[in-house]
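K.L.:
Features from TrEMBL:
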type: DOMAIN; residues: B:98-311; note: domain 'ABC transmembrane type-1'
type: REGION; residues: B:1-25; note: region 'Disordered'
type: TRANSMEM; residues: B:38-64; note: transmembrane segment
type: TRANSMEM; residues: B:102-123; note: transmembrane segment
type: TRANSMEM; residues: B:135-156; note: transmembrane segment
type: TRANSMEM; residues: B:183-207; note: transmembrane segment
type: TRANSMEM; residues: B:228-247; note: transmembrane segment
type: TRANSMEM; residues: B:295-319; note: transmembrane segment
């Protein structure tokens, strides 16, 4: 099977290659079914009654039960709406922080000449694969000693790093992108009297829009799904984001919570799914040009 | 710190990791530009110092102390290498978490990459619908890391879950896989493999770059399809395979969310899902042994750096770069 796919089709054997492409299609559709099954099962379960969750093994419910959604929404002392607002706020501010700070750093690396640039660039590349788990303990201690953990606005430990271009992937992506912007445009702007700031404002910023959009989409999705840092830094129920709130369902191990839990899981994936539908092509191209993981 | 990025393997010839050369201006302009460079770089530099470098040094110091968040700094004791000694000699759960993490990465990563490559080969034909299929295969990579999906997964492999319903079709009686110490980690491996879409997309881009002349030349030489795959496709794809292998391995070592959800943050059943990062979290934030957790973090960092070095030094022998030829 595998070997049959590498060579271009042989024109002299149309009959055989047609039956092969049918076979290929069947195999691919079978894989699609396996890949999509968990997602469809998730949606189906979210509208099943408690009794059906246990007894009906089919994908779809016999009786449509939307009540899971209202039950899940108000399952805890704090409404799930609050968790969604918190998650949206953290994700959107992260988008802004990453876009601005990574663009500034990328411009410096891609276009400006300054002492030690090569060294700083190597350091930036070095931080690409630095696991965030390694720094979590000292970061927690530092943010706590600054009074920012569980403070009036507990999201600062999550957001401050994002405004300081610590997401090296995006810096790297933007540097790569800016390398494709013709230098003649810089020169033209320079002749018109623009300095480093003018070139940034009038040449690089407008032309970097595709890289900014890619960064924004990935920032949003990653932050929306992110769990580890939010788990560590958020401690009050009313401050929880969606992923942290979802784990509360696991604590209540009673079977009765499964339907509401699935309903909230479906809702929590909805924004990512909308982004996927809207920007599918861009996401796939995005990981191609940067090697970013989704 | 590991110096590790594979230059983007899907674009041969542009993969320099050095910053592009800038033109030299006159003295005054160069000075102004140097200043501007640091102005633009300043947020990143502050982040590098405050969010990365200082925490790293603090973590190194803490790893030689018995710090927990509760005792005041003045009473923190320097314990020398005691944390490291304890880790290697008298902490069975640390060794256990190393074994869990290694077996997770060693099994899940190759299978995930094999799935990614296999499906990429199937998709590597231009016909209508490929874009849609590619997108659908990629979807799990976007959703799979979330808590929501981990919850779904755990329930799918539970006693009443979809997997057992599927087995029942063949008359096989399943079990609550996620509660079985012999099977819990395997369900997490399946979750990782299910997310094969991201490496698949990178493989697809790599396959598009293989020159068709090579296949034609191989045909002339009488090579069959299998020979073409082994002698043309695999070598031409080796930079992309390498890139995916490095990234997926390092990601695999850091699996946290699904293990946390499956075990409700304990690493159970019977420590079978005690991934390294989960162990680190429990040590630092549940047991509050932050000194010891810092030592664990440093060992983790060094291990990742070593693995990366091993990858890059062995890559020389099997990764075929065609840089320079098509430049």
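For all residues, glycine too, the Cβ spot is worked out from N, Cα and C.
Keep in mind that TrEMBL annotations are predicted by a computer and have not been checked by a curator.
Could you place these features in context, so I can see how deep they sit and what lies close by?
P.N.:
Outside the transmembrane segment (B:38-64), and at least 6 residues removed from its termini, the chain residues within Cβ reach (under 8 Å) are 78-81, 83-84, 290-292, 294-295, 297-298.
Sequence-remote contacts of a segment are chain residues at least 6 beyond its ends whose Cβ falls under 8 Å from one of its Cβ atoms, and for the transmembrane segment (B:295-319) they are 1-2, 4, 59-60, 63-64, 83-84, 87, 94, 238-239, 241-242, 245-246, 249-250, 253, 276-277, 279-280, 283.
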K.L.:
State the residues, same chain only, that lie 6 or more residues beyond the ends of the transmembrane segment (B:102-123) and have a CB under 8 A from a CB inside it; answer 'none' if no residue qualifies.
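P.N.:
Sequence-distant neighbours of the transmembrane segment (B:102-123): 130, 133-134, 137, 185, 188-189, 192-193, 195-200, 202-204, 207, 233, 237, 241, 244-245, 248-249, 252-253, 255, 275.
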